[in-house]
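Copied over from Swiss-Prot:
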- Asp80: active site, proton acceptor (ACT_SITE)
- Arg22: site 'Important for substrate specificity' (SITE)
- Thr81: site 'Important for substrate specificity' (SITE)
- Gln164: site 'Important for substrate specificity' (SITE)
Amino acid sequence: MFTSTGPFTAAHPVILASGSPRRRAFFEQMGIPFEVILPVDAEPSPIEGEQPEVYVRRAAEAKARAVAADHKGRLVVAADTVVALDDMILGKPASADDALSMLRRLAGRTHVVASGCCVVLPEGGRETFHSITRVTMWDCPEEALAAYVATGEPSDKAGAYGIQGIGAFLVRSIEGSWTNVVGLPVAELTALLLRRGAIHCQLPVEAVHA
């Protein structure tokens, strides 16, 4: 009998240092018990010329350290995701006009989505990694971009689109992890948590005693 709907569980709830509903959904789907504790003013700004993968690692580490400092002996997971075109980081749009401007720049081009993830272990160790996905968009007409912006979906998305939602119609192809584009490199994170014994597989009783 499963005690959750996902394939994994943990002895103690993981602290997810993120308010992202997409990241919460991944944890729920995997069955990993967690609680959300948000870092306060911990996200740094990009440094001019900083590579996307360097920035997301630095940002994820800052978030994880901020939460772990007040929760010693707990496992903390933090992540940060950015979209970058020609090595220029595109954050969340400041307005509808800003969202449309970003989408115009991305249309017909290949850009990079970089996610950094930092795991602070209960004993105090820390592991940080990043994942890179290349996303190619088709040359979508202006009126379709404007119609997409009008849905409101781009407002809280890095790069002004959500591949898991309405914005899927903008994407011609991807090279790399799909979950990374959504906001969390799930395969890499699961492998790390299993390797460190932070989570374990939730097997039916008959499988355990077979």
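Each Cβ is built from the backbone N, Cα and C atoms, and glycine gets one as well.
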Secondary structure of Thr81 (site 'Important for substrate specificity') (DSSP, helix/strand/coil): strand
Rounded inter-Cα distance in Å - Thr81 (site 'Important for substrate specificity'), Arg22 (site 'Important for substrate specificity'): 12
The one of Thr81, Gln164 whose CB sees the fewest other CB atoms within 10 Å, among these recorded sites: Gln164
Sparsest Cβ surroundings (other CB atoms within 10 Å) among the recorded positions Arg22, Asp80: Arg22
Nearest-integer angstrom distance between the alpha carbons (Cα) of Gln164 (site 'Important for substrate specificity') and Arg22 (site 'Important for substrate specificity'): 9
Rounded Cα-Cα span from Asp80 (active site, proton acceptor) to Arg22 (site 'Important for substrate specificity'), Å: 12
